[in-house]
């Protein structure tokens with residue numbers, strides 16, 4: 001089912017359309033997108049799981065993950081040898097049913113595991129090689145592999161572990177450590193440079209980005225904002241977009257509806273509602289007015305500067321932005337309204353000071369798209385803010401806007417950006433016609449790569465995908481006991497099927513070896529305190545650093561994540577245990593060959609669910625259901 005997820009991104013790459021995937025940097029999608037070499041053109045609609053017509057070259061999209069999965073076998077073998085264990089132990093580390101299944105699909109786990117293993121192997125090869133200039137080639141390869149391992153952000157933890165191991169090994173080789181750090185960082189930035197250079201068209205995730213970022217993409221917002229005046233002037237007609245992307249991007253908005261008496265009986269101002277609306281609408285337009293002057297742009301236009309005091313007039317209703325009583329959903333803040341004169345003792349409080357937060361000088365001019373602005377109420381020093389709370393039905397479920405005195409100075413919910421901008425006329429009817437049909441001139445405006453890079457990093461780390469239940473989702477502790485499996489494929493007419501399922505024997509031995517290593521380490525430490533030195537070399541310590549440490553950094557973070565998780569998330573951590581178990585068996589001089597033969601027999605038993613062949617009968621499938629929680633599929637005949 002995740003092929004549909006990644007397939008959509010590959011299609012967007014083919015069309016050079018911008019998107020965001022919060023699972024990791026763009027290298028993984030670039031690797032999958034190389035499927036265009038096999039004839040994939042990106043026009044396939046990924047709307048059905050596993051349903052691919054003959055004209056779609058799915059094999060080319062699956063080729064590189066399969067190649068990475070296959071290369072993991074010799075890498076595990078060589079890595080075990082670099083840890084100074086025997087060829088037999090190295091052979092025993094290479095049988096992993098679940099990785100075979102995962103690497104046969106258009107998924108990134110095999111790519112992540114391959115580059116992680118390559119990074120550790122290259123570093124240990126560098127560390128174990130005799131002193132020569134040629135060994136630095138292995139260090140360089142380790143740095144490149146570390147950068148490539150971050151196809152998902154989980155790869156960062158393996159990189160930090162490798163840096164820790166290298167720091168213990170080489171305290172004095174400052175230059176070596178610099179190479180291993182600089183190369184991954186440079187390559188990480190390079191992936192994004194290529195990514196942003198290729199994806200220069202407007203896409204489905206534009207709204208998550210700032211107005212300046214959107215305007216740099218072809219199509220979408222850039223078609224609307226091209227040719228706009230750069231400097232906001234008195235009399236300008238503008239739309240104000242909140243810089244906060246949560247819960248959804250939205251624009252300052254007002255409409256012909258008043259605040260009612262609230263449900264708890266608390267009184268309101270009964271003034272015109274001001275909200276934040278997540279769609280383009282004519283009621284999103286506002287006019288920047290100089291206090292005491294007309295709603296018209298001077299000739300030449302008089303720009304608004306940082307620190308100037310303005311009034312905001314709603315374009316369609318001519319109501320002045322104002323605030324007075326406690327807000328409806330956030331009573332600690334104040335209500336924001338469009339002022340209506342009811343001939344009562346309620347003085348207008350409609351003066352706002354412009355605070356350009358990203359200004360380069362105190363006299364900075366307020367600029368379209370580029371300036372980030374806070375609007376500070378002159379009377380109370382409260383700041384216009386998107387609270388993010390949805391209003392009840394009387395507010396049409398739009399988002400609440402408030403004025404708040406106690407605020408975090410760097411909160412994006414306090415910042416607004418002029419997105420659409422034009423110089424308008426004075427007459428209300430003419431102004432309404434202009435707002436319904438703005439004109440455009442062909443002018444290009446770009447932001448730098450570094451500005452886009454920093455913004456994209458922040459969005460990838462902070463934009464949270466909604467967690468959802470899935471038939472095959474699971475909890476991390478269920479992975480250790482192999483409580484779950486994932487059915488990937490079932491033949492339409494027979495019982496032939498493919499499951500993401502582990503080799504039960506090797507899976508159990510691997511997890512028991514984790515516990516056994518910790519117990520042995522505790523025994524060795526206690527005996528060392530009593531003067532017994534049982535470890536003649538450092539193999540046991542290095543084995544723990546790499547394997548136990550690798551398992552920890554790839555498993556523990558999932559315990560802290562609030563997202564939908566699946567069994568395949570455990571594969572990177574499990575690979576380290578597959579390295580650990582045969583090496584630990586060799587360390588304690590157990591009958592390693594007998595254990596390996598048993599593991600191979602278990603591997604062979606589950607091959608029909610790994611490769612989808614041969615077809616098994618219902619009784620044979622039932623015999624493979626070693627745990628009641630496994631979901632084995634049958635055709636009714």
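Cβ coordinates are placed from backbone N, Cα and C, and glycine is handled just like the others.
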Candidate ranges 89-107, 108-126; TrEMBL annotation transmembrane segment resolves to 108-126
Counting only pairs at least 6 apart in sequence, do the transmembrane segment (58-79) and the transmembrane segment (592-611) share 3+ Cβ pairs under 8 Å?
-> no
Report yes or no: does the transmembrane segment (138-166) come within contact of the transmembrane segment (505-527), defined as 3 or more CB pairs under 8 Å with a sequence separation of 6 or more?
-> no
If you count CB pairs under 8 A between the transmembrane segment (108-126) and each of 505-527, 566-585, 592-611, the winner is 566-585
Model confidence over the domain 'MIR' (229-291), averaged pLDDT | 86
